Amino acid sequence: MDHFSSRHDGLYAEDVPLRRIADAVGTPLYIYSAATLRRHYDILADEFKNRDALIAFAVKALSNIAVLALLGRRGAGADIVSGGELYRALKAGIPAERVVFSGVAKSRGEMEAALNAGILQFNVESEAELAHLSAVASALGKTAPVALRVNPDVDAGTDTRISTGRKDDKFGVPFADAGRLYRLAAALPGLRPQGLTVHIGSQITSVAPFERAAARVGGLVTSLRAEGHEVTHLDLGGGLGIPYERAAAAPPLPVDYAATLNRATADLNVRLILEPGRLIAGNAGLFVTRIVLTKNQEGTHYALVDGAMNDLIRPALYGARHEVMEDTPPTGVPVHHHIAGPVCESTDLFAKDVPLHEVSAGALLAFRTAGAYGAVQASQYNTRPLVPEVLVDGDRFTVIRRRPTYEEMLSLEVIPDDF
Ligand SMILES: *Cc1c(COP(=O)(O)O)cnc(C)c1O
């Protein structure tokens with residue numbers, strides 16, 4: 001459920017006409033709905049209100065500091081994967097004690113920054129990383145709170161490009177090594193093991209894999225405690241899928257997902273951490289572009305738009321499909337068009353055979369479900385300016401990242417003096 005709608009006079013984001021924003025900011029651009037972000041966070045938070053639980057938003061899904069601040073003020077923490085994301089989360093006012101640091105290859109500098117900030121937890125993914133973190137923390141005279149990321153060897157049944165919990169994926173330590181490595185973490189200087197973490201993939205469309213992973217890691221909590229270890233935190237990662245197309249099978253409802261996790265961990269007496277990204281941000285964003293011109297290529301109609309794969313790469317990268325909405329209220333018989341951008345790559349193709357009613361130059365098109373893994377993956381390929389982001393809240397909108405000028409885009413580049 002989102003707060004974007006089609007009304008008699010065009011598309012709206014909450015109470016603001018899309019056309020008004022597009023005219024003011026220019027296209028292409030991303031538009032986020034504050035009400036949708038709040039709603040998605042609140043639905044999940046509500047399901048865990050009787051638990052000691054932290055919802056640490058996966059910053060990599062949508063990292064604009066306005067969005068992080070909005071979620072942080074409601075109590076969200078941050079799941080970060082880089083020093084840059086740590087910087088963002090702290091800038092957005094999310095307290096360090098609500099930050100968990102994931103990722104397979106954290107650098108020394110990133111570890112130091114996170115130790116100095118005093119984050120809640122390092123999610124450690126290998127024996128080598130335990131040794132590295134131990135050395136870095138010891139040198140600073142600090143103790144790093146550690147959760148061991150275990151690979152539960154659960155196939156999430158999702159696209160292989162976004163699956164992370166099978167035993168040959170690069171993530172986590174093998175389930176069979178978890179006990180030994182937890183003992184090692186307890187023995188190494190500068191480390192304090194406090195829990196376990198799993199994250200089995202993204203865009204997962206059934207609760208069964210989550211249930212299996214939670215059961216496996218829950219069993220590990222019990223056996224580690226039996227060995228005398230303290231296990232106070234259990235981080236179940238993110239990964240719940242969302243509906244991208246009306247026709248596709250609906251993923252589980254957040255309440256059903258939450259009930260499953262609650263049930264699987266009810267008796268464990270742990271502080272629960274969740275790391276949702278897509279679930280919170282996905283449906284809260286639109287990617288908006290304008291038709292530049294149309295072209296009939298040997299019988300294939302193309303609507304060529306001003307947005308491109310550098311702005312929204314999901315269709316090119318994962319074959320993702322985003323439902324298209326027309327700003328103009330549909331009248332007459334639609335004509336099927338391929339929608340493509342101006343970038344010099346054949347993969348710069350957003351969608352095929354989309355029925356469009358209005359294909360005149362300047363008409364607006366909105367791609368739904370573009371809030372997660374959209375703007376964050378944008379680049380300046382073809383020296384196209386980084387796509388702007390707008391946050392709508394009721395009848396107001398704010399440009400939360402403006403379009404850079406060409407001068408700004410080149411400001412980091414230098415021509416050597418003598419050649
Ligand atoms: C990407 C990622 C997430 C968020 O995944 P979603 O599918 O967006 O919920 C959470 N935790 C980790 C470790 C991740 O890598």
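Using the three backbone atoms N, Cα and C, a Cβ is placed for every residue, glycine included.
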Pick the one from Tyr87, Tyr373, Tyr381, Tyr406 that TrEMBL also lists for the pyridoxal 5'-phosphate site with Gly239, Glu275, Pro276, Gly277, Arg278.
Tyr373
To the nearest whole angstrom, state the Cα distance for the pair Arg278 (pyridoxal 5'-phosphate binding site) and Lys60 (N6-(pyridoxal phosphate)lysine).
10
Lowest local Cβ density (other Cβ within 10 Å) among binding-site residues: Glu275, Glu345:
Glu345
What does the structure give for the C-alpha distance between Tyr318 (substrate binding site) and Tyr373 (pyridoxal 5'-phosphate binding site)? Integer Å is fine.
11
Can you go through the recorded positions Glu275, Pro276, Gly277, Arg278, Arg314, Cys344 and pick out those with a C-beta less than 6 angstroms from ligand 1?
Glu275, Pro276, Gly277, Arg278
Which listed residue (Gly239, Pro276, Gly277) has most other Cβ within 10 Å, given these are binding-site residues:
Gly239
May I ask which of the binding-site residues Glu275, Pro276, Gly277, Arg314 is closest to Cys344 (active site, proton donor) if we compare their C-alpha atoms?
Arg314
Is any of the binding-site residues Gly239, Arg314, Glu345 within 10 Å of Lys60 (N6-(pyridoxal phosphate)lysine) (Cα-Cα), and if so, which, in sequence order?
none
